[in-house]
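Encoded as structure tokens, the structure appears first; notes follow it.
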Amino acid sequence: MAAAETQSLREQPEMEDANSEKSINEENGEVSEDQSQNKHSRHKKKKHKHRSKHKKHKHSSEEDKDKKHKHKHKHKKHKRKEVIDASDKEGMSPAKRTKLDDLALLEDLEKQRALIKAELDNELMEGKVQSGMGLILQGYESGSEEEGEIHEKARNGNRSSTRSSSTKGKLELVDNKITTKKRSKSRSKERTRHRSDKKKSKGGIEIIKEKTTRSKSKERKKSKSPSKRSKSQDQARKSKSPTLRRRSQEKIGKARSPTDDKVKIEDKSKSKDRKKSPIINESRSRDRGKKSRSPVDLRGKSKDRRSRSKERKSKRSETDKEKKPIKSPSKDASSGKENRSPSRRPGRSPKRRSLSPKPRDKSRRSRSPLLNDRRSKQSKSPSRTLSPGRRAKSRSLERKRREPERRRLSSPRTRPRDDILSRRERSKDASPINRWSPTRRRSRSPIRRRSRSPLRRSRSPRRRSRSPRRRDRGRRSRSRLRRRSRSRGGRRRRSRSKVKEDKFKGSLSEGMKVEQESSSDDNLEDFDVEEEDEEALIEQRRIQRQAIVQKYKYLAEDSNMSVPSEPSSPQSSTRTRSPSPDDILERVAADVKEYERENVDTFEASVKAKHNLMTVEQNNGSSQKKLLAPDMFTESDDMFAAYFDSARLRAAGIGKDFKENPNLRDNWTDAEGYYRVNIGEVLDKRYNVYGYTGQGVFSNVVRARDNARASQEVAVKIIRNNELMQKTGLKELEFLKKLNDADPDDKFHCLRLFRHFYHKQHLCLVFEPLSMNLREVLKKYGKDVGLHIKAVRSYSQQLFLALKLLKRCNILHADIKPDNILVNESKTILKLCDFGSASHVADNDITPYLVSRFYRAPEIIIGKSYDYGIDMWSVGCTLYELYTGKILFPGKTNNHMLKLAMDLKGKMPNKMIRKGVFKDQHFDPNLNFMYIEVDKVTEREKVTVMSTINPTKDLLADLIGCQRLPEDQRKKVHQLKDLLDQILMLDPAKRISINQALQHAFIQEKI
């Protein structure tokens, strides 16, 4: 680096002379564009030679792909250029050769642009293109002026930014480089497509955009680090005309004054046709013909934009410093995955989107997307902010200057402006970020402000294309391409730059609500620099917006949860776009809350209503049949066996174990390592035990009050005191912490762990208190009948949310069953508990006895590798049991379990059987099922070989049973049957995914 700097410093005097000559020549119009470009690029390459070497390994894979792609394109199109430039290229490094390729491409595009410009000039003469292309070209014009202004500011010496801000700049430069590369890649694709369609006007826009973005990125490279800043300022000074240099030197000498500002503004308008840097000069000279047609319009507009961007820069740099969220890495990671499409907020319903399609289309076309892009990039650099005093003065001066022009221009401009305003209001509504920073300056269209959000990019083709029909067709295919090409890089970038403000702060996945009408008056005061009659219009729009927000607030609560027409979902629209996972989760969570509100005291009533639906005779018949089938859970298979007599005795301290074995280690631990609970004792000097819940394989559970937390009720799980159980307890502790950290807002229905401690060598885990598990609920309320369909629907929503969180954390629960699902007092909210069997998805040891038998998936039984699908299978079995009160597959052995599963779904696919480690226990060499049963007469085992197994169990008949269901409930039962069919697929690859389950009609549609 040092060597490069000294070398370039040595060359500077020579370059300055050359450049001054060049700029004098430029004023006389003597230097060709080619020469200026060559000089510019050669100088730049020399300067940044070492930086590219350091960067090499940072983004190698992405950039290599881009370079290959570019070279392929260029060599195809410009072979004749290469012949001409061969003599130059032979002695050059490959990096310089790519530069010359760029120049060759630019020349070629130059010719095309001249043709297009001629066509457009003809159209302009006839007055056809007032709103469309003309305004876009004007947008580019003012954009290049903005760049000139940036140079001037850099030269005037605004170096007040600290070192931290310079590092921030570095990060952003890296990002900007990547985005410009990606953009040029996808644009080159689009350009070839446009050429084949012979749509020249579009091609023209693309070309201009390509050039300006390229020049932009070149210039941004100059301000890389504080050590290089002086150099870049020299360069800016060189590339300007002598008169401007003289004037700016005078300015530096003087103290800043309001007149200074006036001089600056007037200089801008006078020296529009002077050159500021070779590349800007190109695009400007092209547009000059266009500019001369409506100079007043342009000047007014560009100044308008300039003053606004200044204010926005200063304001945003202030607010950004305050608003940097410190996020936990786990949360960051998850947001990267889930928040793919941030800027489509819940406020933006399909209805609102289509309020004024035509004018919006027009205004979108009439404004340069590049401009917004550039503005948003500038707004992040702290060195370009103005002091508040100067800002106010320049604003008032400009307002005075603009007044007469505005009167003249009101007619052609008002319509696009109005629509911009209305769109701004709409999007202001939609973006929750505004709620947090009312002082922040809004850009013209807040949705487009986040220049690096993938969604904004994917929308840009829609803005460019002309006819609405073509716009729709083009948008779908192009946005798909872009999203694919950018999502990977974007995600990596987002996680890397923690310094920058989080783009998705305030997105609804972080538990925020859609009510932003906080400071709409203040917001609007910032940009009401239009005429007085527009004030009334703004006020009117604001009132309309509030009405719409109110309407949708109620709609979100009342309307059916149908996928296409849900206003509260940001993505769902009539254009067959599937909702994002985040929207689905939001919607389901809202539904669960609503169910909780509505059914606080109705649980028992709904179960009784279900009892009444059963016909009396068949009820008697079923009870007689039921006597034959023993209750599968009377034994200690029950996780929290509240009715387990020896546990009650043990709780009372009457257990006979101690008397029988006087050589026990301690008085408080029994022979099996369980802690002897005494009602009334105090654990860890703060938990006063008042009740005994039950006992599981790993532990027993007591109810206690926390004296340190105002007698808050808790459940304390006391792990058995032996090595294996302690290990299991610590593993459960680790998984619970991971799950709780990933779900700070408690939306995903996994049990909350408060803390843990050791008591007399037993590990104790302190949980939130929950009254009973679903096994007990079924025994108490729904024995042989099951629960109401409304309750089953809500429970299924909550279970799928729990599965979603498990998958996010890469955890398998591996023991989901009604015993391990706890409910609150009102039976409206459930929590998945008991993570003693849980494992990381990668550590899935193949064992045929994982998961309780009735809920064990077929892939576990045959010894095939497994993943999240085993938990989905368990949930399916549990849901059937909740609705019917009966166990779906009450198999006595693994072999019997397979037989019952195949009775429902038909024979297991041979492809799946072959992958099983234990297939020989259940299938013969020809893959026929060997059904092992005990002969009732001889009571000996007999094997029946079954080559084909036809599904004989009718799920729907079992679900409906002997109920006389009303029509709405019958519909829900049919939906439940369909959902269970998809969950209980024998092949885990064909089983429904969690997201698909959350979108199923049974979950989405209310009763």
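Here, residue 1 is simply the first one shown, and the rest follow in order.
For all residues, glycine too, the Cβ spot is worked out from N, Cα and C.
When Swiss-Prot records THR693, GLY694, GLN695, GLY696, VAL697, PHE698, SER699, ASN700, VAL701 as binding ATP, the matching candidate from LYS717, LYS727 it lists for that site is LYS717.
When the recorded positions THR693, GLN695, SER699, SER852 are compared by the number of other C-beta atoms lying within 10 angstroms of their own C-beta, SER852 comes out lowest. Of all the recorded positions in the list LYS99, LYS593, SER852, the shortest Cα-Cα distance to VAL697 (ATP binding site) is found for SER852. Rounded to a whole number, the C-alpha distance linking VAL701 (ATP binding site) with LYS717 (N6-acetyllysine) is 4 angstrom. Across the structure, LYS99 (SUMO2 cross-link) and LYS111 (SUMO2 cross-link) are spaced 19 Å apart at their Cα atoms. Taking Cβ-Cβ distances under 8 Å and a sequence separation of 6 or more, LYS593 (SUMO2 cross-link) has no neighbours in its chain. Under the DSSP three-state reduction, SER852 (phosphoserine) is assigned to coil, being neither helix nor strand. Checked against LYS111 (SUMO2 cross-link) by C-alpha proximity, the binding-site residues THR693, GLN695, SER699 yield SER699 as the nearest. Taking CA atoms as the reference points, THR693 (ATP binding site) and LYS717 (N6-acetyllysine) are 10 Å apart.
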